[in-house]
């Protein structure tokens, strides 16, 4: 689409030169102070004025308050009126109601607005629809909005000299200020009301040392929370704090920032950014405050998952090539596990896999059956310890033997077992033993519950211990999933112990995902779930198990895994500083000591970072309308064609090479389509363009196209011309299509071609292997030649397909066309899993499949006749 090309060009110029692009927006700001450059999603550039955070804006007496800010302050202080009510329990109920209202307004109100702003630019569209920033609009709402902006920015601020997107963001900020400040204020009111309840219960009914410990511990959490917020704001500024990237982009801010607190924790504003809430709960000694904090934090994580993360992926996500590489690596990862996701715990369970069923039976036996029939808790404890010791010794010894002597690999090769199979066998053994240990631990605690035996160490604060224990268990589960997501199943099952580095797709240790923050996340969080079990049920037996788990985890990581990693990847690669270490050094350790302690190699700092450009990111904002499920009749499609509306037009489009049929003219999938155009020479623009579209997606309008052409277009530089649409400029699916002639780089339609159909070619699979040669040539001509340039039916497909930007999509296209053309389903993984596969091999596979299907059909019908 031409407009996207222009936007990319503008962004490229702004990113690669210090000279400002001479756009209309910039020319209006030449005399203004320089600041960060912004660009709207329509391509308009401007200088982003300085703004202040909500606390400074609302509470700094030196800053003039806007109209909305005065209203916000009034609403905040109005909460104090509730304290005039003498009944404190009623106050608590009222404040909780207020908090729920503001929290829902935050996560679902702001969330809804941001989601639609991200997908549809809703807020900006409202501003345009109601002309909120038009000086000539005398509507009350427009005057109110313009008055608010003037009161924010001053009378010298020229509203029309800034994009609508920026002005809309300024108004949206006040809406955010109201909700966020009200949310926090009502929560503090809940904390205070609960603390003073029952004659200041938060400092009574406890030993003084415990009370002081609560207050100090809670205060530390609150101060840490404050530092997180301040550091985060100093890092990302107002632009990201107020979700500015939902409205416009800042030049040279095309990548996510990993600095300060963002280098220590994933999504710190949503994760550790709420620990202060739990600090308030600790100080107030109130389960009501704790539940309120959990409620607010839970809703915030929902907001992160459904609103923030999708937008982050859309704007800052990896490029198409990086996504493609990740997909390939994950699929290649499964080659070591029979192309199926291996069992981790009981995750990825498959009833058709015998090892999975055996794992389930053993887990149920150790976790349920044995505890139910056990005569004493001592026997359960001995079983748990024995199982853990057996797992620890056997796994550790095997890893040492494999690392030092390649014991497992030599045994596999001597028995003619491929090394990939040896890793799969190891994975089954490793996971089975891990499952036994955790099942035994679960069975031990189930035995306590069934026999009604209480804790022998601590009996108080059960609900608090339950909450903290469940949090630790969840943390271990989440960390494990994050580790798998970062290093794959290959890394989870110690794949680099079994597969040579030259044959592995992993050449370096990852610094992505959870490993961005910690070098060894499993060392800290790998057994925190067992600590959680002890916290919930603090017995001597559980304490012993907890220590046993921790010691084994420490030994395995530091004396087995780390030594092997250093041998393979090098000491500098293994010992380089994690995000947490870097931040602690930066803020707490003097520079002189830092330089002596640093593990970073200076040569590393010259490396090129893998990132996405703003131009690539903007691709995600050219919205595609979804394919309609409405089925249109052929006659209806003809009625929708341009020929009935522009019969006397001076513009013409004609399509060459279409085949005749009883209904619409047609061509086959992948066949190049040549289109000719004709336009009046006196009005022709070199920016006129022709695009290819599916009719069911453009039937809403014959005069304007609002759907992205997704690259299927070409400029009409001359008033008459011919262009052949082929390969990436074609649709590779069946349907009814049309060409549209657009004027002057815009989306106004001057002419629409006759509708035509794209069909799958029909290829008959022979039943005799002797015909494989001719069949291979037919596959090459009708399918493969349309997608890749392959010379021979015996040439490997992979090296040529890998030259494409997205090899996964190429393989999927192969399988789709073959399946539709031959009526035999073929999975794209046959191309991915065999680098030497040729067209001839594909032909033989199809013939073999047909022969098997014919035999099965024959036997089936034969049985019916008996």
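Cβ atoms here come from the backbone N, Cα and C positions, even for glycine.
Confidence in the topological domain 'Lumenal' (1-65), given as mean pLDDT, stands at 61. Look at Swiss-Prot and you will find 1-65 (among others) tagged as topological domain 'Lumenal'.
Residues or ranges marked as transmembrane segment in Swiss-Prot (evidence: sequence analysis): 66-86 (among others).
Sorting the topological domain 'Cytoplasmic' (87-93) by DSSP state (H, G, I as helix; E, B as strand; all else coil) yields 6 helix, 0 strand, 1 coil. Here Swiss-Prot flags 87-93 (among others) as topological domain 'Cytoplasmic', drawing on sequence analysis.
When Cβ-Cβ distances below 8 Å are used as the criterion, the transmembrane segment (94-114) is approached by residues 79, 82, 85, 122-123, 172, 175-176, 179-180, 182-183, 186-187, 189-190, 193, 243, 246, 288, 292, 295-296, 299-300, 302-303, 306-307, 311 of the same chain, each at least six residues removed from its ends. The feature transmembrane segment is assigned by Swiss-Prot to 94-114 (among others), with sequence analysis given as support.
Among the features that Swiss-Prot reports, topological domain 'Lumenal' is placed at 115-175 (among others).
Nonlocal intrachain contacts for the transmembrane segment (176-196), taken as residues 6+ away from its ends with a CB within less than 8 angstroms of a stretch CB, comprise 54, 57-58, 68-69, 71-72, 75-76, 79, 82, 88, 91-92, 95-96, 98-99, 102-103, 105-106, 109-110, 202, 242-243, 277, 280-281, 283-286, 288-289, 292-293, 296. The transmembrane segment feature in Swiss-Prot is assigned to 176-196 (among others); the stated evidence is sequence analysis.
Taken from Swiss-Prot, the feature topological domain 'Cytoplasmic' covers 197-207 (among others), and the record attributes it to sequence analysis.
Beyond the transmembrane segment (208-228), the same-chain residues lying 6 or more positions past its ends with a Cβ under 8 Å from any Cβ of the stretch are 261, 265, 268-269, 272-283, 285. According to Swiss-Prot, the feature transmembrane segment maps to 208-228 (among others).
Look at Swiss-Prot and you will find 229-263 (among others) tagged as topological domain 'Lumenal'.
Same-chain residues lying 6+ beyond the ends of the transmembrane segment (264-284) with a Cβ under 8 Å from its Cβ atoms: 187-188, 191, 194-195, 202, 214-215, 217-222, 224-226, 228-229, 232, 290, 292-293, 296-297, 300-301, 303-304, 308, 514, 516-517, 579-580, 583. Positions annotated as transmembrane segment by Swiss-Prot: 264-284 (among others).
The transmembrane segment feature in Swiss-Prot is assigned to 287-307 (among others).
The annotation topological domain 'Lumenal' is assigned in Swiss-Prot to 308-353 (among others) on the grounds of sequence analysis.
Look at Swiss-Prot and you will find 354-374 (among others) tagged as transmembrane segment.
Through the fold, the topological domain 'Cytoplasmic' (375-379) approaches residues 444, 447-448, 451, 453, 541 of its own chain, all at least 6 residues removed from its boundaries and within a Cβ separation under 8 Å. If you look up Swiss-Prot, you'll see 375-379 (among others) marked as topological domain 'Cytoplasmic'.
Away from its own ends, the transmembrane segment (380-400) comes close to residues 366, 370-371, 374, 407-408, 426, 430, 433-434, 436-437, 440-441, 443-444, 447, 494, 497, 541, 544-545, 548-549, 552, 555-556, 560-561, 564 of its chain (Cβ-Cβ under 8 Å, at least six residues beyond either end). Annotation comment: Swiss-Prot describes 380-400 (among others) as transmembrane segment, evidence class sequence analysis.
Nonlocal intrachain contacts for the topological domain 'Lumenal' (401-425), taken as residues 6+ away from its ends with a CB within less than 8 angstroms of a stretch CB, comprise 335-338, 342, 490, 493, 495, 497-500, 503, 560, 563-564, 567. Taken from Swiss-Prot, the feature topological domain 'Lumenal' applies to 401-425 (among others).
Outside the transmembrane segment (524-544) by six or more residues, the chain places 377, 381, 384-385, 441, 444-445, 448, 455-458, 465-466, 468-473, 475-477, 479-480, 518, 550, 553, 557 with a CB less than 8 A from a CB of the stretch.
Each residue in the topological domain 'Cytoplasmic' (447-453) gets a DSSP state, and the totals come to 5 helix, 0 strand, 2 coil.
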